[in-house]
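Data first, discussion second: the structure below is written as structure tokens.
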Amino acid sequence: MMKARLHSIAGHVNRRGQREVYQKNIKITQLGKRGEIDEAIKIFNTIKFPNTVTYNSMISAYAKNGRINDARALFNRMPFKNLISWNTMISGCLYNDSFSDAADLFDKMPQRDSFTYSLMITCYARSGFVGKARGVFDSMPDKSCVACWNALITGYVKNGMVRDGRKLFDEMPTKNLVSWNTMLSGYTGTSQMCLAEKFFEEMEEKDVISWNLMLDGYIEEGDLDAAREFFERITNRNVVSWATMLSGLARHGQISDAEEFFNGMTDRNVVTFNAMLGAYVQNCKIDEALKFFNEMPEKDAISWTTMINGHVRNGRLEEAKQLLDRMPYENVGSQTVMILGFIRHNKMDEARRIFDGMRNRDVICWNTMIAGYAQHGRMDEAFQLFQKMDQKKIDTCNTMIVGYAQVGKMVRALEMFEQIWEKNVVSWNSLISGYAQNGLYVEALKSIMLMIRDGKKPDQSTFASGLSVCASLAVEQFGKQLHNIVVKIGYVKDMAVSNALITMYAKCGNILSARDVFNDVDNLDAVSWNSLIAGYALNGYGLEAVKLFHDMEGYAVIPDQVTFVGVLSACNHSGLVSAGLTLFKCMTQKYGIEPLAEHYTCMVDLLGRAGRLEEAFELVRKMKVQATAGIWGALLGACRLHKNVILADFAARKLLQLEPHKASSLVLLSNIYAASGRWEEVERVRHSLNQNGTVKEPGSSWIEDQRQILVFRTDDYTWLQKTEIYRLLQVLTTEMMEVTCLNYFESVLVDVR
């Protein structure tokens, strides 16, 4: 009897203990979702005998709050792991963008289910490795799981591979509403509204998400009339429908319509209030936004963050900081916005104080602070902070690469690049653009080839950088290879890529191909017109450039400062003095554009070459901007051409004040004196060069040969064929002198070694 009673009591205590653990497990999950991770840890530590569910709940809480290292440490300590444990850990890695860790876990799993496969497909697709995502999908023993199909379709459409997504969609044995909505989002997200409309009509079942996707698609395309009309058709509108319409009106500057729309709403909540608040902020109506914010019946973290961001965007940092201090709770997003505001105004110490005072930081916050140091060239501090990160994300590594590139430390940038285990497209683009910015053009092109060989798909940024490099080197064959890849991948209609192609062909001297690309662009923007005008200028087609400028006006595209630099340069290179003067006048009087130094340089050179030195000098005297070395150099060059020694001497002195250690201006002045027989002045200039330690910059050139770029520099005798090279150079120089009929005997050129 006593034994039975004791057994009953033990069972009761055991059940009560299990119930307490069960309740604490639920509490840990809830606290994790609310961001109260410290409280979750306290509860976890009170459980004497945690079960597998307890561990899984705590791992999930850690992961959801950015503490992925703590999650992994706890996972490794688990006495028993079930399938949910492995999936929870992989899900946490995915949530924190720890894609390599997720792949490592996936490979070590003793067993997998369909959820595991869908997680891994999402993981690879989100990191841009769509091929690996497809590999995981193909390796699935059972392909009946619709979620896995949907995950891969999502990966395709999110990476811009809508056609591949549609092909997979058509192959699906079973489709659900998520499948249809995912495919629809691919069309609306890439502005393919004609295909989206057709697909939408084919859908047998639609929910409010389907309708909202279409609504957002019309707004993204800028077709507000179609958006309004479609909105009226939505019978089951939800808060997202209203907020989408409100945000769309605000995004396109229709703030009055947004107010009217908001006031007509019968059912409002914090989401719609936030949308209206965002509308005011987006349209820089900060005072109206603040009034609206103060009158809001309910505020959430988004409300506070939006209002803080509004003050930051308008440079009102003190008010933004006061709002942050007024917040009833800490929020990482709000604090990060404030940090970003201080960074933008170069108040790095204030930004760091907020960062150091934060109890919780997410990856975005770390990246923002590190990027701030990088943007302001403080790479030592950026690296110190980078070293303190528990989990170094690929985005942070990419930020460091960009930062090192900006301060010219490409060796460090390459070291950082090589530390990345799984390099994504952004990693490669950061390295390639860094090489391009620092004039390491050959390395940039080599990196593009290595990127393709590594199986990474180049994007618009890759092609823009690569084509820019080809333009700088004038290597058309490499440019053509990139053009072929552009066509193959499908970026030929991308505006940035098209404009880069125009510039590349123009700078390589192939103006016909540049024009062909220009003609194939559907919606020409100002950059397209500017690129071709500059191309005509570079290749000496002055009349064509002027005509294209007037065509640009005819298409109602408003010219900007860059346009006028191009067309004035064209007039300069072709000696179109009258047209140049007319356009210069048009720039100021018709379009209200204040001339920059570049415009004045073109005009001074144009007038000077035409022998109108008095007008050129008068323009320099009267211009509103400070005269640059380019302006004085143009005037000095014109003086040499027309043998105006007095003005040349004045221009040279001004030029030397701006560039005291540059030899080119003194060499040019020396040549002018020599041409006039003023040998004492020549000797004085030579003496000045020697006294100042001025060194003539070595020239360089390059040529494509059998898929290589060969670089030659002045006085470089390292080539095996140096004798043939210099002999051919002498022949070419002689022929050029004969063709252009230059009488070099009129001017004794004095080379300064």
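Including glycine, each Cβ sits where the backbone N, Cα and C put it.
Automated prediction, rather than curation, is the source of TrEMBL annotations.
The repeat 'PPR' annotation in TrEMBL covers 51-85 (among others). Per-residue confidence over the repeat 'PPR' (51-85) averages out at a pLDDT of 90.
Taken from TrEMBL, the feature repeat 'PPR' covers 113-147 (among others).
Annotation comment: TrEMBL describes 176-206 (among others) as repeat 'PPR'. Proximity of distant same-chain residues to the repeat 'PPR' (176-206), defined by a Cβ-Cβ separation under 8 Å and at least 6 residues beyond the stretch ends, is recorded for 146-147, 149-150, 153-154, 156-157, 160, 162, 165-166, 169, 213-214, 216-218, 220-221, 223.
Per TrEMBL, repeat 'PPR' is recorded for 207-241 (among others). Under 8 Å from some Cβ of the repeat 'PPR' (207-241) lie the Cβ atoms of residues 177, 180-181, 184-185, 187-189, 191, 193, 196-197, 200, 247-249, 251-252, 254, 269, 271-272, all in the same chain and six or more residues away from its ends.
What TrEMBL lists as repeat 'PPR' is 269-299 (among others).
Distant neighbours of the repeat 'PPR' (300-334): 270, 273-274, 277-278, 280-281, 284, 286, 289-290, 293, 340-342, 344-345, 347, 354, 358-362, 364-365; these residues of the same chain sit at least 6 beyond its ends, with a Cβ under 8 Å from one of its Cβ atoms. Look at TrEMBL and you will find 300-334 (among others) tagged as repeat 'PPR'.
What TrEMBL lists as repeat 'PPR' is 362-396 (among others).
Residues 127-129, 131, 394-395, 397-398, 401-402, 404-406, 408, 410, 413-414, 417, 465-466, 468-470, 472-473, 475, 478, 482, 485, 489, 709, 711 of the same chain sit 6 or more residues outside the repeat 'PPR' (424-458) yet have a Cβ under 8 Å from a Cβ within it. Annotation source TrEMBL lists repeat 'PPR' at 424-458 (among others).
Remark: secondary structure over the repeat 'PPR' (525-559) totals 26 helix, 0 strand, 9 coil, with classes taken from DSSP. Taken from TrEMBL, the feature repeat 'PPR' covers 525-559 (among others).
Only pairs six or more apart in sequence are counted, and the repeat 'PPR' (51-85) with the repeat 'PPR' (525-559) gives fewer than three Cβ pairs under 8 Å, not enough to call it a contact. Tertiary proximity for the repeat 'PPR' (362-396) is limited to same-chain residues at least six positions away from its ends with a CB under 8 Å from its CB atoms, namely 66-69, 96-99, 127, 332-333, 335-336, 339-340, 343, 346, 348, 351-352, 355, 402-404, 406-407, 409, 412, 420, 422-424, 426-427.
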